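See structure below.
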Amino acid sequence: MSVNKEVKRITTHILQEMKQHGEKISMLTAYDFSMATILDDAGLDVLLVGDSASNVMAGHETTLPITLDQMIYHAASVVRGAARAFVVVDLPFGSYQGNSKEALNSAIRIMKESGAHGVKLEGGTEVVDSIQRIITAGIPVMGHLGLTPQSIYKFGTYTVRAKGEAEADKLKSDALALQEAGCFGIVLEKIPAKLGAAVSKSLHIPTIGIGAGPDCDGQVLVVNDMIGLTKGFKPRFLRQYLNLYDGIKDAAQAYIRDVKGNDFPNEKEQY
Ligand code: KIV
């Protein structure tokens, strides 16, 4: 029996119960009202307004350029479409790394101006002060470990993280520190499946994996990748459920043909 079947709104408490009952958490990114409405209607537990909006919505190479104002715009649109899902929003690069007060102010802006239900930020022990301060203000925080795209210029590559013992040990202790700080969940991105399993087992809060194996407590994908809108992006962890790129292209070409051939609009499509 599903923990969350009859609930009006998914909460952090319900996510915790889902972990306890072994019910997997489904999470996808969303950036706009229309998509959020569909995903919420489909029954997603969590919608992540990811800073991947910087890539898939704005066409930037990295997540670094997106601003707090832009994230709030996307988040407010998603919140208007999400009747039941828990909506969590990424704190963008540069909006929380300075100090815990800056982090709190950014989180408050997201909550006040978008109506979202929680925030996510990247990093381990180095962001614990900020996490604690945000949580003290009553804002649920989700952590993000492993491949943290805001640090891409430090890593130099989007390859799998924590394959070596030292980085794996640091990730394990970071995960415990985030749990201790009060995070309601942690995204684990692109790490070995064995490590994803070990971290998930060691925590009482849920882990949500993206390229972190099947033993995380939930899974997340970037929706544009999952529905095949992003052309040519096929990492091993991605399961593509649709090929919307070709579907939309075919539709657009059919429309061009109809317009140029004087077939659209026909008698029934005019006043
Ligand atoms: O920004 C994003 O979409 C994310 C997911 C990849 C977890 O953080």
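In case you wondered, yes, glycine gets a Cβ from its N, Cα and C as well.
If you look up TrEMBL, you'll see Glu189 marked as active site, proton acceptor. Within the same chain, residues at least 6 positions away in sequence whose Cβ sits under 8 Å from that of Glu189 (active site, proton acceptor) are His144, Leu145, Gly146, Leu147, Thr148, Pro149, Arg161, Gly209, Ile210, Gly211, Ala212.
Residues near Glu122 (Mg(2+) binding site) in space but far in sequence (CB under 8 A, at least 6 apart, same chain), listed by position: Gly143, His144, Leu145, Thr148, Pro149, Gln150, Ser151. Under the heading Mg(2+) binding site, TrEMBL lists Asp51, Asp90, Glu122.
Here TrEMBL flags Asp51, Ser52, Asp90, Lys120 as 3-methyl-2-oxobutanoate binding site. In the three-state DSSP classification, Asp90 (Mg(2+) binding site) falls within a strand.
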Give the subset of the binding-site residues Ser52, Asp90, Glu122 lying near ligand 1, defined as CB under 6 A from any of its atoms.
Ser52, Asp90
Just counting, how many other CB atoms are there within 10 A of the CB of Asp90 (Mg(2+) binding site)?
29
Helix, strand or coil by DSSP: which one applies to Asp51 (Mg(2+) binding site)?
coil
Diameter of the 3-methyl-2-oxobutanoate binding set by C-alpha atoms, the set being Asp51, Ser52, Asp90, Lys120, in angstrom:
13
Counting only residues 6+ apart in the same chain, whose Cβ is under 8 Å from the Cβ of Ser52 (3-methyl-2-oxobutanoate binding site)?
Thr29, Thr63, Pro149, Val222
What three-state secondary structure does DSSP assign to Glu189 (active site, proton acceptor)?
strand
